[in-house]
Every structure is written in C-alpha cells, then in structure tokens.
Amino acid sequence: MPAKLALIAHDGQKDEMADFVQANESLFSRYHLVATETTGQRIQQETSLQVEQVLSGSVGGDAQIAAMVATSQISAVIFFIDPLQAQPHEPEIQTLQRVCAVHNVALATNRATADAIAEKFRQSRIAHLIFNPVSGQGNVEQDLKLIQELLEAQMQVQVHLTTPEIGAEELAQTAIASNADLIIASGGDGTVSVVAGEIMGTGIPLGIIPRGTANAFAVALNIAPGINPIRSACETILAGNTRVVDAARCNDLPLILLAGIGYEAETIERTSREAKNRWGALAYIMAGWQQLNEQELFETEIEIEGTVQKFQAGAITIANAAPPTSILAQGTGQVVVDDGLLDVTISTAESRTEALTTMIGLFGAALVKLGTNSENTVHFGAKQIRVIADPPQKIVLDGEIIGTTPVEIECHPGALKVFAPPAN
Ligand SMILES: O=C(CO)COP(=O)(O)O
C-alpha cells in the first residue's frame, strides 16, 4: 500500500475532522496527507502537519481524489460526510465512494470507522523508498512498478524520486524526520552512499535495491543475487534479516565502500557515461588498462593514530567494504565490513609490469581470501587515517570524484543496519 491518506470533511463535519486529526497527529505525521482545499487548510491551522491540497470538493476536489484512488496512489480515504445536509456535488461524492469500492481501498465515512482505520495503520510498517530515476540502464517506470508491487504486499511505501533540485540527502532527512520504519535506497552506489550517510547512527534499517552500473555495496553484502537483482533485493528486504556493518566518513562525507587515491580516481574519471552505458562495469576495466600506462608515482605521508609513515605510491585504497572485483582494495584478501577497521592497501609498483604483477596478486588474494604477499603492496587495518600526497592526488569516494588530497577518514563501527543475508 502507498503511505498516502486522503482526508475530506463537509462543513458540518470539519470540527470532527480537526478533532480526529489532532488525536492522531503523531500517526499522521508519518504519512503523506492529501485533502480537499478547505479541509486541508483547517488541518494545517490546527496541527503542525503538512497537507497536499487539491481543489475544494464542490469544484472537483472529490473527483481529483477519486482519480488518485483509481491509480493506486492512496491507501485509505477518511471522508466525513454530512448526513443531514444535501450537497450540490453529490455525483462526485458518489464517484469517490464507488471508486474506493471498486479498488478495495479503505473508506471511513464517520469517526468510528476512521478510528478503526487509524488503529490498523498504527500497526503497519512504513518504508520510504528513495529512488534515483537516472541510475543504470533499466526501464525506470517498470523498475519502480515492480518494486512497489513487491514491497507494498507487506508494508506501506512512500516513494521519493530524486531530482536535480532535491537530492537523496534531503529526501533521506525527510524520511528520518517522519519516523520511517525503514529507508530504502534504489540507484547506484552514489545514491546508496548518500542515503547511508544520513542514516548512519540512527538505528533505522537500510534496504538497498541496486540499479547502478557497478552496485559494489550490494555485491559485497550479497544483497541482490541472481539474474533479477531488483526482485532479489526486494526479497532480501522482505525476508527481514539485518546485518550491523561499519560505515565511515571521509573529509566529512559518507563512505560505505572505499576511497581511492591516485590510480583508481584517475580511472573513474576517464570512464565516460557513454562507455558505462555501452559496456557496463567492463568500462572501468578498459579505462583502468589505459590508465596503467600513464599513472605516475607520488610521495605520500600516511598518519595512523599519531604515527606517520612515508611511501612512494601509485594507488592507495582505503576500504570499508568492497566486492572481490575492487582489486586494488584486496591487500588483505577480503575487506571485512564489520571489523571496526578500514582496510588500507598501498600499491607501490614502479613500472607497468610491476603494476600488473601487483594487480594479479591482488586479484588472486581476493579469490582465495588471503592477504597478498606481493612486495609491491603494503596493507593494514586502521580506525582512522590521514593521507597527504605530493603532488596532490585526486580522490574517488564511493564512485564519485570529490577533490584532491589531503584526506582524513574515520571508521564508524556498526553505524549501519542493512537488510542483507547473514554473512557466510
Ligand atoms: O466538499 C467537500 C467534500 O465533498 C470538501 O471540500 P472542502 O474540504 O474544500 O470543504
């Protein structure tokens, strides 16, 4: 069911409506409310609730709400009809009642039935779905419809689409403020990272429905296995198992996957949108191959818990979580997402051949889940790390270039509760 309710009252019933909404204010603050104009104004005057207003009932408002019911946008209509007063717009009132009957949408026409609906809704879970419509290559409308169909069988879902004006960060803040039972991020790793950054530390569980190019966080946690990732990700959420995992902040931005300094950042920057659309995740590998020819070593100072170490590096990867395919993160063979530590891998290769040997070593390490013993990599765990590079190096954070070094990263152990299968 959508987490959207309609509230309507005839003039002789507006006091009753105001009283009913006041009595249920904290419940209704969790819902998207829509009302006919004068009813909406009255509710806004007497409560702190936000109400979307359509036209007044007598000039088409009831018909507008009937259209929302017919298109599955509303889960219940609370319509306090005046039984003692004839209305000039009786046909529209009847239309709304009929459409509720046809679509099996709950309709309360007096206080007793409205109280019963409120009681039922108090027991429902409300999910806020933050959906990035410009992620990945799928059919956006079909994807959203499938997600709603699967989830709405078990919970009420409020859908928020990201736009250039209102991003995932603001939408996640709204969802947290309205006491969401769970928040679901659907898009690429960038969308998931931004939503996770807001949820960190709140205890609200995070669902992930991956629709991006790499979907590394979902892969790392085995959230959407199989050939239909949207369906399997929804099943993971509906199954209800959660894992408590670490998150991090990097120069005060959220980090759930990894920060890449040097080689990886240059690779991501040279991977065009066009190549991603055409080749998917392979586009990164092709760009990485080209970048191997051009990557220069840089001087770096790494500070961990007050101790400074100096290296000549081509790539530094600081990972919270990473799938085996993020090979530059695999110094320890497996990035553990709930160990309270960031996994740091420094590649010091001086030539293309050395770099290739290092990468093959890291790839092998990921396959067998054991640390690499290549002499061109250094790896360790850290709670907090600060990196300075000379010349300054670009940083890629969860797939987005965020600027250049210096960079400071701090692990927040157990800051996220994520719907995921148990770790094996
Ligand atoms: O007429 C109505 C319902 O039939 C209600 O409209 P108002 O909320 O604008 O008074």
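Keep in mind that glycine also has a Cβ here, set from the backbone N, Cα and C atoms.
The annotation in TrEMBL ties HIS10, LYS14, SER56, GLY57 to substrate, and of the candidates under consideration, HIS89, HIS103, the one tied to the same site is HIS89. Taking a C-beta cut-off of under 8 angstroms and a sequence separation of 6 or more, ASP62 (active site, proton donor/acceptor) has the following same-chain neighbours: ILE8, THR36, HIS89, GLU92, ILE93, THR95, LEU96. Cβ neighbour count within 10 Å across all protein chains ranks HIS10 highest among the binding-site residues HIS10, LYS14, HIS89.
Each of the binding-site residues SER56, GLY57 was scored by the other Cβ atoms within 10 Å of its Cβ; the lowest score goes to SER56. Mapped onto three states, the DSSP output places GLY57 (substrate binding site) in helix.
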